[in-house]
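*Asks:* Can you keep this structure in mind? I'll have questions shortly.
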Amino acid sequence: MAMLKSLSSILFTSFALLFFLVHAQDQSGFISIDCGIPDDSSYNDETTGIKYVSDSAFVDSGTTKRIAAQFQSSGFDRHLLNVRSFPQSKRSCYDVPTPRGKGFKYLIRTRFMYGNYDDLGRVPEFDLYLGVNFWDSVKLDDATTILNKEIITIPLLDNVQVCVVDKNAGTPFLSVLEIRLLLNTTYETPYDALTLLRRLDYSKTGKLPSRYKDDIYDRIWTPRIVSSEYKILNTSLTVDQFLNNGYQPASTVMSTAETARNESLYLTLSFRPPDPNAKFYVYMHFAEIEVLKSNQTREFSIWLNEDVISPSFKLRYLLTDTFVTPDPVSGITINFSLLQPPGEFVLPPIINALEVYQVNEFLQIPTHPQDVDAMRKIKATYRVKKNWQGDPCVPVDYSWEGIDCIQSDNTTNPRVVSLNISFSELRGQIDPAFSNLTSIRKLDLSGNTLTGEIPAFLANLPNLTELNVEGNKLTGIVPQRLHERSKNGSLSLRFGRNPDLCLSDSCSNTKKKNKNGYIIPLVVVGIIVVLLTALALFRRFKKKQQRGTLGERNGPLKTAKRYFKYSEVVNITNNFERVIGKGGFGKVYHGVINGEQVAVKVLSEESAQGYKEFRAEVDLLMRVHHTNLTSLVGYCNEINHMVLIYEYMANENLGDYLAGKRSFILSWEERLKISLDAAQGLEYLHNGCKPPIVHRDVKPTNILLNEKLQAKMADFGLSRSFSVEGSGQISTVVAGSIGYLDPEYYSTRQMNEKSDVYSLGVVLLEVITGQPAIASSKTEKVHISDHVRSILANGDIRGIVDQRLRERYDVGSAWKMSEIALACTEHTSAQRPTMSQVVMELKQIVYGIVTDQENYDDSTKMLTVNLDTEMVPRAR
């Protein structure tokens, strides 16, 4: 009976394995994603036959790029020719459903090849996370290094999240993401995951790596370079064709083996771990591939350092046997010895293949699954335009914008306790998903376009103490239970600015009053409308007088830029649906032209910027073209409708980042590059235009950032040309912004290119410090240049650098940047550098370029800064 049970168990296991292998061969357990190829596209790899699909369905951020042309014809696999990079966020995540869901074991592999896709020639470094837990660091040697990172784990959820995390050493990217279903009975350990350290095929020199279809799990086997001390055995027969071993190394891998050339009694396998304290599991795969005589055998003992861990291991002909270290191993150097026992007919040890995995213990506990599901539903329902990727709460440094979480102890899942998605362009009804946030205390949905009634389930959230739904389009009656909780003080309820929403005890009275007393209000409203119409006509008439009669007030100007009718502008902006910016000129709206996003600047009737400034901006943008100046797509010039259409800048303006209005914190490297971009744009205005142009309103909010965080100068309505033959001065009424205005202007009432230099210097100081141009206290207002000078006089560079950087910056470049900024903000223009000199100095910081200074006068080779003494900051 026992023998029958054993036979039954073997047959069941064999059939299960056979079923699994059949499915592995048809790729039903594979997910293969080529990052960066066009949306919804796919193809079959020419070598492996694996079907790769676009990553567009698995990620909602990032920029797709193709590697540099010089590498595209170098024989690299097709799936390495494109990448998706992530310049905008600290953490960016793929969310991928696993082939069989949770509870099954998977091999998850990411592949990276830089290929100079961004034309920067700087190989980035960044971190890789699986969900909330650190996986590994990504470090590439050069542009053509192909790096594979693999991890084996059993997910707790149906989806896995693979995240790249920026650590201020270049922009993270991903080339390939692959998931492979494994047997749960393989790679068994008591730990959360195993990270691949190496996987070796003891084979012939020059052999290519083996993978699918040779390997049913699509593991990539790297050929080992064999030294002269060893020799290679091989066979042309298939190894393990009867599916003897669940690990199933590729037959092409197992058909070769390594042994000592002098038929030594032992074979030594050694490796030096990158971390001597880390724990490793070692998997040795063996198969006899030589035909032995009847009296011959190949067996050996396996030793770890000085201890035997397998007293006798005997090989079988053309069948794979796998030895796994019973416990994890560690140390500075790990030595395995395969030792042949004495005997005339015992052959020396061999090895066919080897895998080494590092133990990965998941120390971070993810957000409670109920909260995760709720937040994902909210994100999907409202298409929230925030950086909501990965786990909502963990790691704390990368938690979702607008949420706060709490974790009662180190063994429980964090819970969402506060959610602020006010002014987030939410539309539709309040979704039932909010009812699953059972730990939430504060919920702010104000400033959106939510419709329908306030759902009663909000009153049942047991921990809710603050609810704000102001400024929506909600209708009906506030639920009685919410009203009662508001009255008894257990809930702070705000629901104003919803015209069709009322409390239960006031609605009937309001309706009665509206029915019986509508005549008088209608009369009053009619009178008000007439008065307002008359006032508007009068103001419009006065505005026309102020703007003058410059001839071309209606219709196209003399420019090659595209002219749009106002009706077209209405369509481009979808009836001015989405405001993306505001200023003294009016509002900026989001628009789309032929599928491309644009920014639509509409001059309001009340704007201080009149037709003169509008015409100046069109004229200037018509003749300037530079990568660091915003480009004009088109314009509209109809009576009462003046519109400028620019290229769309996805990351808005520098001012928002410095003021902390965006959750993303600019790294030191990004700040340096943005500063250089802005300086290059201004340098082009000063030296690349004939006649030269002074911007006159340089400030952070006029420095726009595209999806790559490339900076471009904007807002040229106040710009003016100046003469280089004459004094180079512009006599002008006041222009510019307080804090950025050239101090000489107050005495001379004139501005020149050095005025832009001063303004840029103030911007550079803001970039360094993260502080505003003017800091106000109860007793005084201090300009940022005076504040920085006073601190640097004591040699304290760390005292001025933005604390949000947490000292993740180069001290030397911080000193140099400060020197440049203070030189630019000298009170006397003659002591300031030219914009060309500023660009030269910034390039030295950003690129480490040693520039040729022979074209500059000796007196301007060094930017000096006048502090309280004549000291120049050099304490680096």
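Glycine too: its Cβ is placed from the backbone N, Cα and C atoms.
Pasting the relevant annotations from Swiss-Prot:
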SIGNAL    1-24  signal peptide
TRANSMEM  518-538  transmembrane segment
TOPO_DOM  539-876  topological domain 'Cytoplasmic'
BINDING   ILE580, GLY581, LYS582, GLY583, GLY584, PHE585, GLY586, LYS587, VAL588, LYS601  ATP binding site
MOD_RES   TYR646  phosphotyrosine
MOD_RES   SER731  phosphoserine
MOD_RES   THR732  phosphothreonine
MOD_RES   TYR745  phosphotyrosine
*Asks:* Write down the Cα-Cα distance for TYR646 (phosphotyrosine) and VAL588 (ATP binding site), rounded and given in Å.
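*Replies:* Each residue's Cα considered, VAL588 (ATP binding site) and TYR646 (phosphotyrosine) end up 10 Å apart.
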*Asks:* Between ILE580 (ATP binding site) and TYR745 (phosphotyrosine), how far is it from one CA atom to the other, in Å?
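*Replies:* Their Cα atoms are separated by 33 Å.
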*Asks:* Quick one: Cα separation, TYR745 (phosphotyrosine) versus GLY586 (ATP binding site), in Å?
*Replies:* 27
*Asks:* Provide the number of Cβ atoms within 10 Å of the Cβ of ILE580 (ATP binding site), excluding the reference atom itself.
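*Replies:* I get 16 for this one.
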*Asks:* Could you check what DSSP calls TYR646 (phosphotyrosine) once collapsed to helix, strand or coil?
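*Replies:* In three-state terms, TYR646 (phosphotyrosine) counts as strand.
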*Asks:* Give me the CA-CA distance between LYS582 (ATP binding site) and TYR646 (phosphotyrosine), in Å, as a whole number.
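*Replies:* Counting only the Cα atoms, the answer is 15 Å.
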*Asks:* How many other Cβ atoms sit within 10 Å of the Cβ of GLY586 (ATP binding site)?
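*Replies:* Neighbour count, Cβ to Cβ under the 10 Å cut-off: 18.
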*Asks:* Tell me which residues of the chain lie with their Cβ under 8 angstroms from that of TYR646 (phosphotyrosine), as long as they are six or more apart in sequence?
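*Replies:* When sequence neighbours closer than 6 are ignored, TYR646 (phosphotyrosine) has VAL598, ALA599, VAL600, LYS601, THR630, SER631, LEU632, VAL633, ALA714 within Cβ distance under 8 Å.
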*Asks:* Using a 10 Å cut-off, grab the number of neighbouring Cβ atoms around the Cβ of TYR745 (phosphotyrosine), all chains included.
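*Replies:* Other Cβ atoms found within 10 Å: 19.
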*Asks:* For each of LYS582, VAL588, count the other CB atoms within 10 A of its CB; which of these binding-site residues has the top count?
*Replies:* VAL588
*Asks:* On the three-state reduction of DSSP, what should I expect for TYR745 (phosphotyrosine)?
*Replies:* helix
